[in-house]
């Protein structure tokens, strides 16, 4: 194991450079927010009422709301861990097709998670709004924390989708280059000559004239005729 000898060498190491990437920082925030959402409702999300020992969800006694938050938070946390592991191997991926497929999968999942967290935020906030006040002695702070970090998860997943889209644009497969021109995606390639394309070739023969010969100066193309000298008669 290599131990850095100075702070400059530590800052230039691969591990630090990997942690400083915007994609890595975003994934860390996604994992932390997901962990807060599902742990808050998993520990304090189920409480019993004063007149009954049976546990109920603190979000309007709707067990679906608590189950949704716990399940979505846990799956999102696992997704962040899996993509962090794949990001560490991104530089070792040699195949262009596999790398493009990985980036496309990252973009699709980021968009899906942004939609899931948006729907979850609306659902949890609605259930909390219809919850009777002071029905449960504990758990109100956990419910508010889960709803707040559900909203924050929407923002980080949208930013993750934006980063994945930028990677797709910058790492387009060769020989294609993708440019965003006034909202439209343009694909440009270098044209290759085909067998049916007309090619101007000089023809040979006694009756053929080339462009180069026609472009010569009149002095070279039209030689002067010899002059006849008149001799005096003695």
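Any Cβ shown, glycine's included, is placed from N, Cα and C.
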Residues flagged as transmembrane segment in Swiss-Prot, choosing from 25-45, 172-192:
25-45
From 3-23, 66-86, which range did Swiss-Prot mark with transmembrane segment?
66-86
Listed range which Swiss-Prot flags as transmembrane segment, given the options 104-124, 209-229:
104-124
By a Cβ-Cβ criterion of under 8 Å, what residues six or more beyond either terminus of the transmembrane segment (145-165) are in contact with it?
22-23, 26-27, 29-30, 33-34, 36-37, 40-41, 45, 69, 76, 103, 106-107, 110-111, 113-114, 117-118, 120-121, 124-125, 128
Averaged pLDDT, computed only over the residues in the domain 'MARVEL' (18-169):
88
